[in-house]
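Taken straight from TrEMBL:
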COMPBIAS  277-291  compositional bias 'Polar residues'
REGION    236-295  region 'Disordered'
REPEAT    100-137  repeat 'WD'
REPEAT    307-340  repeat 'WD'
REPEAT    371-412  repeat 'WD'
Amino acid sequence: NSFCTLLAGAVLRGGMSSILVATASYDRHIKLWRVHPVEQTRSFNFSQDSHVNCLCVSPDRTRLAAAGYTTIKVYDLTALMGDGSSAHAQQQTVVSQSQDNGHTANVTAIGFVRSVQGAHMLYSISEDGTWKLWDTRAPGLRLKRVVDVKEPLNCGVLLHNSMIVAGGQLGTIGVWSLNASTDQKNPDGLIDSVTVQSEDPAVRSVALTPGGDVLVAATNSGHVYVLAISKAIGPNAGSKADGATKPSDEGDAEKDAEAPGPSDTVARAASELPNVSVFTSGTDTKGQGASPQVRGGQGHLQLLWTFEAHSRYVLKCCVSPNGAMLCTTSADCSVNLWRVPEELPKLAEQSSSGGGVPEPRTDKWTLVRSITSHQRWVWDCAFSRCSLYVVTASSDHTGRLWQIESGKLEANFSGHQKPVTCILLDDRRDS
């Protein structure tokens, strides 16, 4: 059966469809969609002063968070999906231009943190060189923690619900504890940090395998780096919490030729970071050169594999829920779907258990499918829960839903007036 046929029979719970698709754009609007038949169900303005960089939904599917330039907003998703007249019910907002504790540049990643009290904590990562932790229960977003990395941060993800993994413009990949550190020598709670060294090392996207034992990082050079995560910082290692850089223009064709980068750069050499490993790709612009090397560090992040996924910047990477596939999107306008090698879990286990790893591999993963139908940069992607479908967002003003095996276009979400910068697909069948 096609995905659209399955969606047609989706169970409604509390007036909310079990399928949520949302897109956001440089036109400063967020749109919610029905997939079968394709229909826009809600469209609302995010901000008069900012486009949208990223979207996320809370684990209980009651809230939708969006972030852009210096701005984070949390919406009542039940009201948005229902028949209520207000599209901004119980909206919580922090705008850093008017608050001392807000971000001062693009917010590039956000996400909810689970706790026994519910997912009331929200993390944010920004080009201003900081990541922050917020309590969403206050009338506005109340700042709980801030860590100043002093390097523009382009991406980030939550590890084991207790740590932040963030990638920076200078090639840094760091892991921090969510909770404040009591160690005066390490007040930021930095667990480990590695640095990619190449001609264009900016880390554009990071993703985790379902078990959180492998990290994938994608860079401006077009390469992906696959790292094993030590069991020493496994699910019980970090303290439990209490509770994409989009360019600064509007994505015009002539601007697409420019490398994505932060609106403000805070220079910091990798050598200034504690516990630093250095990955040297040694590749030139033609993808040829010396093998990668790793040196120094605490050993919590070990390079297993690296290969060139695209000829231009990789803008997003994500791993399928079943762990079998990696999706990468690029400035070359393509979406590549790679089969995760069967030997990767064994390599990761060997490394994370302290058994050491051989020289990092550089052979390419098997390319299952390359989707080339988008006409402009492809900024974002996400898998369906069954891992058989993927959604993409592009500067060609569209979001799209694809069947991976056949490459068939199942749905085209068209209606934005400018580049679509992010897309969200939540097809959970349970609340």
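Cβ atoms here come from the backbone N, Cα and C positions, even for glycine.
Just so you know, TrEMBL annotations never went through curation; they're auto-generated.
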State the non-local partners of the repeat 'WD' (371-412) in its own chain: residues 6+ outside its ends, Cβ under 8 Å from one of its Cβ atoms.
2-4, 21, 23, 25, 33, 35-36, 38, 244, 246, 251, 253, 256, 315-316, 318-322, 324-325, 327-331, 333-337, 418-425, 427-429
If we skip the immediate neighbours and take only residues 6+ beyond the ends of the repeat 'WD' (307-340), which ones have a Cβ under 8 Å from one of its Cβ atoms?
200, 204-211, 216-224, 244, 256, 259-260, 283, 287, 362-372, 374-383, 385-387, 390, 392, 394, 402, 404
Per-residue pLDDT averaged over the repeat 'WD' (371-412), given as an integer:
96
How does the repeat 'WD' (307-340) divide up by DSSP, counting helix, then strand, then coil residues?
0 helix, 19 strand, 15 coil
Secondary structure composition of the repeat 'WD' (100-137) [DSSP: H/G/I, E/B, coil]:
0 helix, 20 strand, 18 coil
Could you put numbers on the helix, strand and coil content of the repeat 'WD' (371-412), residue by residue per DSSP?
0 helix, 23 strand, 19 coil
